[in-house]
Structures are given as structure tokens and as C-alpha cells.
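Novice: The following feature annotations were taken from TrEMBL:
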- 7-30: transmembrane segment (TRANSMEM)
- 36-55: transmembrane segment (TRANSMEM)
- 76-98: transmembrane segment (TRANSMEM)
- 110-132: transmembrane segment (TRANSMEM)
- 151-230: domain 'Signal transduction histidine kinase internal region' (DOMAIN)
């Protein structure tokens, strides 16, 4: 059912129920059913139907839906009051035409009581009407926000893959002349990484175990290049393996540690990766030999900035990223990711 049709159905059922309740109320009070007495109520319900529909048209024309609640409320209350007054006198007029008019209908108590009743009936209608539209707009804004986040993630991924491939090909190119057999091994590792990368493009999150397989391929490829200048050690708990993480994120951080730390040292260095689960968070500690400079984030290009942005978007600010000098010649990169988020 489309929105327009749903509106007409709800509008018809709602005011029909209103009339039925008033008619049944009259029956309970008088203990007898008088069809003629029901006619003014039915006519009144019809006018409620027409006036609220007219109110809906004016709302669209004047764009009241876009007003803040504090600005909308006075306009809404005045409109309801203006509509509530004539509706009662329409009932009185119909009673007069049907020759069931009673002077008591125009007593002050009757007029005030019925206008207040009409006011509350219209207040309920308008409140539900605005609540529906505000809720609908809220849902649309959420969908828009999700779409924008998806576009931003796709943009970040599109930056990441060419950046990584460019660096990997540079590493292999350096090996081709020096050691052709080792360059073939590096190409095999790169093939595995690219296969993982292509799979990662289809999903926002992957198992940490799968991410670490990519990291190991990358480290194996770089070990061929750096030989004894690069050592690494990986210690992953079983519970950490099944946590979902953004693809290629930790590979990028390891690459950053090698490029800006170990590769600049004549004797090379070591990369250690520790991952475990604590207090519903995956905690990943990446240590690399080197020194973190003040401009490290800017100098890292896409690497660190990309990671920070992806964590912020995917985990809504609940993930944490830190990079610092743990000691004189050791840099610690710390990532905390909420589990089941």
C-alpha cells in the first residue's frame, strides 16, 4: 500500500471510530439507540475528516513540517482552536435541521465542553500526524547518513588499494635485478594479498584471522626484500581471531611501521603483533623498531589518516587508535575495536 492510499484508509477509519465511540457513548448514557440522534455526530465526523484533510494541504503548502517544534507548536494550537469552534456549531445546525434541536445545546457549559472535546480530538490527530512525518524525516536522515558513510568508506578503500599495490610493486621491482628467485616468491605473496584485497572490496568487515593471513603474506614478502634486517613475531589469541575488523587496515599499519621505522634503520629492526580480547574489545598492539616523529601522521600519507577515518565511520567513535613512542627506539601502535558492534 502506497503512502497516499494508506493516508486515506487511516483517515477514514480514524474518524469513523471517533463517530462510533460518541454514538455508543450516547447509547450508554440514554440506555436506548436513536438513529436520528446519531446523524449530527456522523456529520460532525465528516467535517472533522474534511477539515483535517484541508489542514494537511495547508501544512504542505506552508512547509510547517520543516519548522522546529517550538515554532510549530503555537501555530498548531491556534489552528486546532480555530477548527474546533465551527465543528460544534455544525452539529447544532444539523440538529436544528433534523428537528432534534434543544436550547441546552447552546448553553455555555455545552459549548465550552464540546469545543474542548473537539480541541483534544484535533490535538491527537495533529500530534500523530506530525509525529509520523518527523519520524519519517528522521528515518530518511538516517538512511542518508548511512549512504554518506558508505560512500566515504568506498572512497577510503579506493585510496588504500592502489596505494598498497604501488608500494608492493616497488618492493618487488627492487628484487628483480638483485635476486630473481626471491622476486618470484615475493610475487606469489603479492598474489595472495591481492586475492584477499579483491575479496575485501566486497565487504566492510572480515575476520581478524583473515586479516592476519594477509599481514603474514605481506611480512613474508618484505622479509625477502629486507632479509636479516627484518624480523617479526605474531601472537594472536583464539578469541581475537574471530573478531570482525576492517580489511587491510592492520596490513596498512604494519606497512607503515616498516616504511617509516625499520626501513630507515641501517641494521633494520623487528615487528611484533599481539592481539587479544579484553572487556569486550579487541586489542591489537603493533610494535616496530624506530622513532615516532611529531609529523608522523602527516608523513604517513594515507596510512594512519585512512585508518583513523575508517575506525571513526565504521564503529561510530567507539574504536580507539593511538600511536606513540613506547621507548627510546620502539614505536607502539594501539588499536581497540568494540566486539559485536
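Backbone N, Cα and C define each Cβ position, glycine as well.
I would like each feature placed in context: is it buried or exposed, what are its neighbours, and how far apart are things?
Specialist: Counting only same-chain residues 6+ beyond the ends of the transmembrane segment (7-30), those with a CB under 8 A from a CB of the stretch are 1, 37-38, 41-42, 44-46, 48-49, 52-53, 121, 125.
Within the chain, the transmembrane segment (36-55) has long-range Cβ neighbours (under 8 A, six or more residues past its boundaries) at 11-12, 15-16, 18-19, 22-23, 26, 79, 83, 86-88, 90-92, 94-95, 98, 100, 121-122, 125-126, 129.
Counting same-chain residues at least six beyond the ends of the transmembrane segment (76-98), those with a Cβ under 8 angstroms from any Cβ of the stretch are 36, 39-41, 43-44, 47-48, 51-52, 55, 64, 105-106, 111, 114-116, 118-119, 122-123, 126, 130.
Note on the transmembrane segment (110-132): residues 14, 18, 48, 52, 55-56, 65, 72, 76-77, 79-81, 83-85, 87-88, 91, 104 of its chain, located 6 or more positions outside it, place their CB under 8 angstroms from a CB of the stretch.
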